[in-house]
Amino acid sequence: MRHLPYLSYYLYPILAGLIWLATLLALLIHWLVPPVSRAHYPSMAASQQIAYISDVGASTLKPLFITGCVLTTVFLDISFAADYYLRHKGRLVPNQTRTETVLAFLTIGFAIIGTVGLILLSVFDTARYPKLHNIFLLLFIGGYVLSAIFICWEYQRLGQHYKHHHQLSTSFWIKLTFVILEILLAIAFVSCTFTQHYNAGAVLEWVIAFIFSAYVFSFVVDLWPAIKTQPNLNLHNPREKGMGFEGNGGQVVNGNGYGNGYGNGTGDMRYVGASEMEEGGGESSGSHLPIQGYGNAVGGGPVMGLTDHSSRPVTRERGLAGNF
């Protein structure tokens, strides 16, 4: 990815979303068009006219259904892990408190529970293992809804520290909308299914599944800023090596994104947390802005460009411009 700077971690949720959409469309088209053409599967109730996803997935397309579920969840879980990893490394705005770190782990943990549920419900199909299938279906929905709640909570707290990072607010509202819609639809789905309103329940299941794809794609918003913080970034100008992040206190980070105040000429952009800013002795408010800096020596070599405060002061506007 170093040689192709626009290929980054945001590709994982794109792959997950496309695979999930392709799986759903393949199942839906298979059921709608000839020769199947709205077939009544053995797993369907006598009065049921609309097939559940699980009904179609339990038929001849079961291998496709299993493959789609596995690949979707694997790439989605990689997206969750990448989000935590990039924040930990400072390539995305880092967590400022232990609570935010705990929320990140809860997000990943419940996503894994949802992953287990989705994979197992595709294996234990509704035609042969109806009780197990329903248990894993609830595990899938509950796991990912709880995961979304915790990541919304984390992003809400991050937004208080980094108010100028608008992608946090955008992602928060997308995920909050998903949580609200999925909870309401899940309640309606379970109610329709257990009261034997199977046609309405089937429609709701398809709607829930397609909305889930929008949630998957929302992680592109989260991971996209990591493009600007790739190691040895050189998008337009070879002099852009050695880029660093600086906060309100004037602290410069080193070339590879670790330590304080030194450059090596081939450094990477990163975000600096509030605790690191305090080490530099400058004022810190948690809203740390990216700037460009060029270092030529480890251990205190001169840092030139925007980090030269005597010749070119850093402003909030210039810092924001470097982040997007």
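Even glycines carry a Cβ here, placed using N, Cα and C.
Caution: TrEMBL annotation is automatic and unverified by curators.
Beyond the transmembrane segment (9-33), the same-chain residues lying 6 or more positions past its ends with a Cβ under 8 Å from any Cβ of the stretch are 39, 51, 53, 56-57, 61, 64-65, 67-69, 71-76, 78-79, 82, 86, 206, 209-210, 212-213, 216-220, 223-224, 226-227. Marked as transmembrane segment by TrEMBL: 9-33 (among others).
Look at TrEMBL and you will find 9-225 tagged as domain 'CWH43-like N-terminal'.
TrEMBL lists 64-82 (among others) with the feature transmembrane segment.
Taken from TrEMBL, the feature transmembrane segment applies to 102-123 (among others).
Annotated transmembrane segment per TrEMBL: 135-155 (among others), in sequence order.
Residues or ranges marked as transmembrane segment by TrEMBL: 176-197 (among others).
Look at TrEMBL and you will find 203-224 (among others) tagged as transmembrane segment.
In terms of C-beta pairs under 8 Å, the stretch of 64-82, 102-123, 135-155 lying closest in packing to the transmembrane segment (203-224) is 64-82.
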